[in-house]
Amino acid sequence: MVRVPLAISFGAIAGSLSRYYMTLNLTQWLGTTFPFGTFFVNLLGALVMGFFTTLSVNQTFISPDLRLIVTVGFLGSYTTFSTYELDTEKLLIDRHWNMTVVYGISSALLGVLCLELGSYLARRLS
């Protein structure tokens, strides 16, 4: 089927461009010492993933194609573990030990909290 790959691709294009522009704007606004772009993109992505997947579980008006566009396509390309790792390595190379620990731990913990917050908000709306 061509429909599924196209649905995922359209979501991925939007997710990649959103991540690029969000990171670019945050870097210009907050600087490059700490990887704010990746940090906030991943947290927002976790929140949206929790919200959307919880909201769409029992909603028949959300089609399977839309679920693929949002979760696999958009959020799959919007958030990125490889960029998180690259940013962590840069902090290590630059000898920002404290920032490395803060970034590493807070990304993981706050990511889970954002996912749970998104799920909670979706349940409240249902």
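Placement of Cβ uses the backbone N, Cα and C atoms for every residue, glycine included.
What TrEMBL says about this protein:
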- 34-52: transmembrane segment (TRANSMEM)
- 64-81: transmembrane segment (TRANSMEM)
- Gly76, Thr79: Na(+) binding site (BINDING)
- 101-122: transmembrane segment (TRANSMEM)
Cβ-Cβ distance under 8 Å to Thr79 (Na(+) binding site), same chain, at least six residues away: Arg19, Val41, Asn42, Gly45, Ala46, Met49
Validating a neighbour-count step here. Other CB atoms within 10 A of the CB of Gly76 (Na(+) binding site): how many? 18
